[in-house]
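Asker: Okay, handing you the structure first.
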Amino acid sequence: MGRHTYDANQQTAIRPTGGSRNDETRSNRMPVAIEAIGLTKDYGEGDSAVHALRGVDVCFEQGKFTAIMGPSGSGKSTLMHTLAGLDSATGGHILLQGEDLTAMNDRQLTLLRRKRIGFIFQSFNLLPMFTAEQNILMPLTLAGAKPDRVWMRTLVRTLGLERRLDHRPNELSGGQQQRVAIARALITRPSVVFADEPTGNLDSISSAEVLDFLKRSVRELHQTIIMVTHDAVAASYADRAIVFADGRIVADEPEPTAERMNALLMQERQRATAMAMAY
Amino acid sequence: MIRIGLRDARAHFSRFVMSIIAIALGVSFVVGSFCFREMMNDQVDQMMGSNTDHDVYVRGTDEKKDDDTDSSSSSMKTYNDIDDTLVDDIKDVKGVKTAEIVYSVSGSLVLVKQDGNAVSTMGSPTMGIGLAKGTWRSAHLTEGRWATNRNEVALHSYAAETSGLKVGDTTKLVYPSGPEDVTVVGVFDTDVSQAGAIILGLAPDVAKDLYQQQTGEIGRTQYIGVYGSGNKGQPLTNDQQRALADRINKALPAGSKATAITGDQLRDEYSQSIKDMLGFIQPLILIFAVIALFVGSFIIANTFSMIVRESMRGYALLRSVGASPMQVFSTVIIQALLLGLVGSAAGIGLGWGMVRLIVFGMARMGTPLSGAGNPSPTDMLVGLLVGVTVTFIGAALPARRAAMAPPIQAMNETVNPEKPVRPRAVTGTIMVVLGVAAWLFCWRIATVDGEPTSVGFLNALADRYGTGWPLGIGAGLIVIGVIVLAPALVRPAGVVLGFLPSLVFRVTGRLAVRNLSRQKRRTANTAAALFVGVAIVSCLSVVAASAKASVAGIVDTGLKSDFAVSSAASGRIPDAAVDAVKQVDGVKSVSTSRMLMNVKYDGKRISGTSFAEQPSLFTDVFAPVTMSGDANKALRDGELVVGETIAKDRGWQVGDTVTMTGERVSVDEEATAKAQADWQAQTQAKVTALQQEAQKLAASGDAAGAQAKAAEAQQAVTDAQNVDPSTLIRTKSETTRATVKVGAIISNSIYRTMVLMNDETAEKLADQQTMFTIQLFIAAKKGTDTEALRKRLVKAVKPYYVLSVLDREDYKSTMSSMVDQILIILYALLALSIVIAIFGIVNTLALSVSERTKEIGLLRAIGTSRAQVRGMLAIEAAIISVFGTLLGLVTGVGAGVVIRAVYGGNGLEVLSIPWDQLGVFLVLSIVVGLLASVQPAGRALRKPVLDAVASE
Amino acid sequence: MGRHTAQAVQARRGHDGKADNTGNAARPAGSARPVRQTRKSQTTRDGEAVARAVDLVKTYGAKDTAVVALDHVNVEFMRGQMTAIMGPSGSGKSTLMHCMAGLDAPTSGKVFVEGLEVSAMGQRQLTKLRREQIGFIFQSFNLVPTLSAEENILLPLQIAGKPIDRAWFDHVVHVVGLEKRLTHRPSQLSGGQQQRVACARALMARPSVIFADEPTGNLDSRSSREVLSFLKTSVHDYGQTIVMVTHDPRAASYADRVLVLADGRIVNDMSHPSYEQILDVFASEGTDDTDGGTAEGEERA
């Protein structure tokens with residue numbers, strides 16, 4: 001069924017060894033866009049301390065669309081936020097094309113966010129008082145850099161936003177807003193784009209649109225996208241799906257399908273239930 | 001970035017309104033204080049320019065070192081007197097148009113209006129100046145002519161207006177010797193308003209006479225004023241003045257101890273000293289500016305906290321797409337700068353308007369001012385800078401929070417827990433304790449005779465610095481200490497103050513009390529503004545109440561007489577009036593208090609006044625509180641009864657001998673005879689000359705001409721015979737001497753700075769010229785109907801126009817109304833700062849509510865009614881308000897008590913704490929809190945429950 | 001779990017025959033006509049309905065960007081049952097609950113709770129409703145931070161001025177296992193403990209129906225299990241009626257009945273479904289959409 005055998009009776013999960021090694025059989029070995037080494041993140045202290053990330057090792061290839069799945073509280077969002085430099089890690093390293101994010105100060109991170117990292121949130125992606133075009137160009141405006149008009153046109157065309165550029169966010173549908181967000185994330189041609197439940201607030205049709213566009217950006221525009229989602233269907237758009245649970249990676253699936261992902265999720269639930277019973 | 005900031009600003013505009021108002025008020029006080037000072041200075045300059053407008057002045061060369069320490073410590077120096085005969089020397093100098101001594105008297109004349117009442121305006125004096133053509137360059141006759149004798153007067157236009165008199169009208173002018181008929185012969189105007197003073201143009205010799213009577217100075221003067229002819233009737237330029245002064249100096253005889261200075265120089269000296277005196281006003285206004293700006297700054301901090309909190313997600317988003325902290329910071333700061341600019345601009349306009357209003361008000365009350373009170377560009381810049389800086393300070397911390405929060409945290413909207421308040425509690429308590437100690441120290445210095453403490457070093461300090469320093473330092477420490485300590489007091493205050501509400505409103509009360517402790521600093525800051533305002537008000541209330549009570553106390557316990565008569569113009573009571581009163585039916589005794597001028601004791605003046613009294617003073621008017629000796633006996637025996645303060649000052653004890661010197665003006669027989677002889681000779685010469693001319697004409701055949709001349713000669717003789725002999729009388733002043741013993745030392749507060757002697761002793765020293773009646777005390781015969789007696793007394797003094805009859809109640813109320821008048825202005829300004837403090841409460845509550853959106857939504861979802869939500873917020877606001885007010889009351893009353901002790905000797909014997917007034921403040925504070933909660937509560941309730949609780 | 005089961009599920013469920021906005025009514029091959037549970041059969045099965053929605057419609061926004069959140073929904077919630085309302089985001093599940101609970105007013109249609117017409121109530125009546133008929137458990141911000149656990153639990157009763165049944169209080173506290181935490185403030189409790197306090201609070205007043213909005217949304221697996229089992233206990237042991245909105249199939253599996261919403265309509269109504277069944281519904285749902293969705297998506301752009 002899957003590449004990994006899963007022993008429900010085992011207390012610990014088999015750690016995946018990273019996508020790149022498994023892909024040795026593939027024709028092209030793509031460079032690594034971003035990787036985490038021994039990443040840990042804790043919240044709070046004492047009794048109510050939460051270990052959101054427990055020594056995570058993972059590599060993300062360039063030009064790939066990766067989905068990170070897992071139940072609520074699994075730490076998947078935390079992983080993404082930390083990878084993106086939006087949150088600080090308690091321990092471990094994050095290498096973005098060789099540079100260590102965990103060693104950077106705020107100013108360096110700021111520069112990173114302007115140029116090398118793009119971000120798409122679940123909601124509230126756009127500044128309400130600006131038009132779609134202004135929102136898309138925001139990272140460049142902040143940096144004081146001039147926009148690449150050709151790239152801009154490409155993005156706008158690819159995302160189907162030609163007729164919406166001068167609309168404000170409240171004049172756009174949810175799906176359209178997310179597309180503007182994607183364009184904004186891509187305008188600087190970042191090394192990596194992080195998407196946090198990008199279809200979380202959308203209805204089924206808009207969701208499909210957005211996921212499709214994400215896939216196309218990877219295929220046609222050669223971006224690297226890492227997406228967090230709890231939706232197995234969304235994960236099926238990706239080239240690779242990682243399952244997260246209790247701060248660890250418990251499954252790593254290339255060419256995921258919705259059914260496969262659901263199965264994996266359920267396995268994880270059963271395991272968790274079994275563990276909970278034991279307490 | 002700027003665009004983001006500007007868009008945000010537009011969106012938040014309604015929030016900013018309150019902040020703009022606060023800044024505007026603060027800046028308006030700042031700018032207003034400058035405008036006011038400018039206006040006053042300008043007024044002074046103008047008046048100087050027109051009233052002291054001579055080109056050159058001649059005065060003494062040596063500065064008089066005066067032992068006179070009672071009057072204001074102005075920077076005006078006085079010089080030695082110079083001989084008035086120098087006028088002749090000066091007149092002959094080239095370029096001198098006129099040289100005269102301008103005589104003026106103030107305070108001893110009263111003009112009577114058309115309707116028969118005395119003309120008097122609030123605080124402004126009535127001045128009589130000897131004016132003839134050319135005496136006062138800046139005065140121009142608009143109608144009629146100048147006065148030539150005692151029964152003529154020319155009026156300044158304002159005086160004419162106020163009195164309703166026109167040229168040709170007859171009225172009475174009350175001279176020191178009594179009222180006389182006068183005719184208005186002219187009206188004159190000056191370019192500059194005289195700030196409500198009533199100026200009368202008298203005939204120059206009349207003015208000279210009055211002046212000499214009043215001051216006792218004969219043949220000497222302080223200043224001779226010179227007008228130069230060098231500029232065709234216009235004021236001389238500075239160079240011309242200089243040149244003229246130099247020439248005059250050369251012409252002054254050696255040994256005259258006189259020197260000529262330019263008019264400009266004198267004007268500068270005068271105006272500087274007056275401006276110095278008025279200088280105290282500006283800092284007073286600035287105090288309120290500080291209060292307003294203090295509150296304004298944290299209103300702004302709160303407002304921006306709200307805005308930042310609500311826009312947190314936006315800032316997080318900006319940060320996540322690469323905005324640097326500086327960029328986020330600037331979007332907030334830009335809004336702040338905009339706000340500051342708008343507020344400051346409004347404040348500048350408001351400040352200007354405030355001064356205009358004050359000028360208008362003062363004109364209404366009889367003190368018209370023509371000074372220009374426009375803010376200079378520097379003033380406006382200062383105002384702008386102040387407003388913008390305060391806004392910046394207020395917004396800086398919230399802006400920093402927005403900028404520094406890591407993006408992810410910003411998205412989660414976690415509220416940072418407050419830093420502990422313990423350090424502040426410790427620091428604050430120490431400061432308050434030290435401040436209280438300083439006040440206790442001050443209090444002991446004031447109330448204890450001898451050494452105030454048992455610590456030598458402290459006593460030495462007390463000696464050196466007196467009560468002023470500990471008072472001030474104590475006040476500073478306590479005020480700042482309380483503000484520092486306040487956050488630590490929030491919880492206990494909440495428990496105590498919330499006890500009652502929690503009892504009545506079980507749930508909402510409890511919630512309200514707990515809410516206050518969440519943001520202790522914020523709660524404390526809000527209460528702090530109210531604290532300062534209430535402290536000042538209650539301190540003043542205590543002082544005022546004590547002042548009134550002290551007066552009442554004196555009057556009730558001390559004053560035995562039934563009536564008092566005094567002059568409304570605070571001048572002399574004519575002797576004729578005294579006689580008239582004495583003859584009124586039902587009067588048992590009349591005690592006259594006559595003030596002696598220029599009396600020295602052992603060569604020095606006293607820091608007080610000397611009075612001639614009768615023994616009835618102590619039996620029928622005020623009983624003495626004797627410290628040593630027998631006051632009654634002393635007065636009867638011609639010994640001195642000395643007030644406690646003076647005795648202490650001079651180190652006098654009962655039995656000491658003192659040599660008094662005074663001045664008496666008496667007729668100089670020789671000089672008078674000579675004057676008369678001169679006049680005779682003059683007339684004779686004139687007549688002879690005329691007769692000779694007549695003869696010449698007759699001889700040359702001009703019979704008519706000869707006739708005329710002869711008639712002239714005859715007229716001259718007649719005139720000479722009809723001359724007013726008083727103008728020929730020459731007086732001399734002589735020093736008188738008397739040696740007396742100190743018979744008693746008394747400690748009544750009113751007598752503390754007085755030396756009393758009986759009439760005989762006084763008359764050895766002074767005479768009618770140098771001593772005059774300023775008050776009468778009348779005791780009624782037993783069994784007389786006081787009401788009827790009063791009517792008779794009023795009738796008796798009516799012809800003198802300016803005398804008023806007061807009974808005990810009147811006496812008390814005149815004092816208290818004076819106190820009240822001063823207080824009104826202060827209360828008004830304070831009310832304004834309290835209004836600002838209220839803004840602070842509303843603002844803080846609004847911020848608190850916006851932070852609790854989810855919580856309030858939750859409460860509503862589980863069944864809290866709207867009324868209960870309102871109630872909860874109302875209780876919170878009321879507790880904050882009461883907290884601040886209580887702190888203010890305690891501090892203010894404490895301050896008032898200490899101040900009263902310090903000034904106990906100066907008329908504040910009795911401590912009176914107006915508990916009812918303070919109680920009203922407390923009740924008001926509760927009402928204020930309730931009102932303040934209305935708007936924030938409304939806002940909270942307008943938000944649909946769903947929006948508040950829905951999960952994202 | 002095998003493909004045949006999935007296919008059976010697939011056969012059972014399906015879309016309503018709605019015409020979507022693009023007018024594309026084509027359905028992929030293989031889907032069956034929907035089978036909807038009728039009102040009648042519901043009523044006879046489990047006792048009376050505590051709450052009812054009649055032809056509920058809710059739309060947001062203006063013409064062009066108008067969103068239909070609820071599309072003529074009719075449903076009844078039975079007493080003594082735990083009902084889970086599921087669906088992807090944008091399906092209208094939250095909106096349905098908000099309308100049922102009186103937190104939101106429907107554009108048209110009616111809501112009844114214990115026979116009272118909620119949708120027509122004014123503020124006063126809503127307050128009364130919240131005090132007597134309805135209890136709430138939210139995903140987060142459930143507790144008043146300045147009050148202790150005990151005070152939070154007793155809060156609704158005190159607000160309403162009702163007497164407190166101490167025996168019941170002790171019992172509830174015991175069942176949620178918070179005896180030792182009663183004096184703690186929310187900041188001193190873990191997420192799971194906070195939610196349990198919230199549950200206790202909701203139960204204290206013994207309302208006719210408790211509405212829970214993603215109660216385990218912010219919790220880790222263990223805490224979720226605790227809270228859910230407690231909720232289930234309260235239903236079975238005390239006859240409490242609970243309506244829970246969730247997107248978590250695991251949470252839904254605790255329920256006696258699961259309603260699935262999509263695009264504003266009830267597309268599935270399952271009685272005592274197993275976790276697998278729930279999961280299957282979502283899996284197939286998703287697959288179907290993927291094929292159809294992309295095509296539509298292209299056209300849309």
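Cβ atoms here come from the backbone N, Cα and C positions, even for glycine.
Copied straight from TrEMBL:
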type	residues	note
TRANSMEM	B:16-36	transmembrane segment
DOMAIN	B:17-194	domain 'MacB-like periplasmic core'
COMPBIAS	B:55-67	compositional bias 'Basic and acidic residues'
REGION	B:55-76	region 'Disordered'
TRANSMEM	B:284-308	transmembrane segment
DOMAIN	B:287-404	domain 'ABC3 transporter permease C-terminal'
TRANSMEM	B:328-359	transmembrane segment
TRANSMEM	B:380-399	transmembrane segment
TRANSMEM	B:425-446	transmembrane segment
TRANSMEM	B:467-489	transmembrane segment
TRANSMEM	B:525-547	transmembrane segment
TRANSMEM	B:822-850	transmembrane segment
DOMAIN	B:828-944	domain 'ABC3 transporter permease C-terminal'
TRANSMEM	B:871-903	transmembrane segment
TRANSMEM	B:915-934	transmembrane segment
Asker: For the domain 'ABC3 transporter permease C-terminal' (B:828-944), what is the mean per-residue pLDDT, to the nearest integer?
Answerer: 85
Asker: Going through B:284-308, B:328-359, B:380-399, B:525-547, B:822-850 one by one, which has the most CB pairs that fall under 8 Å from the transmembrane segment (B:467-489)?
Answerer: B:525-547
Asker: Between the transmembrane segment (B:425-446) and the stretches B:328-359, B:380-399, B:525-547, B:871-903, work out which stretch tops the count of Cβ pairs under 8 Å.
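Answerer: Most contacts with the transmembrane segment (B:425-446): B:871-903.
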Asker: Ranking B:16-36, B:284-308, B:328-359, B:822-850, B:915-934 by Cβ pairs under 8 Å to the transmembrane segment (B:525-547), which is first?
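Answerer: Highest pair count goes to B:822-850.
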Asker: Which residues of the same chain, at least 6 past either end of the transmembrane segment (B:380-399), have a Cβ under 8 Å from a Cβ in it?
Answerer: 19, 23-24, 26-27, 30-31, 34, 293, 296-301, 304-305, 307-308, 329, 332-333, 335-337, 339-341, 343-345, 347-348, 351
Asker: When each of B:16-36, B:284-308, B:822-850, B:915-934 is checked against the transmembrane segment (B:328-359) for Cβ pairs under 8 Å, which one has the most?
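Answerer: Stretch with the highest Cβ contact count: B:16-36.
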Asker: Just to be sure I understand, if DSSP states are collapsed into helix, strand and coil, how many residues of the domain 'ABC3 transporter permease C-terminal' (B:287-404) fall in each?
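Answerer: Going through the domain 'ABC3 transporter permease C-terminal' (B:287-404) residue by residue, I get 101 helix, 0 strand, 17 coil.
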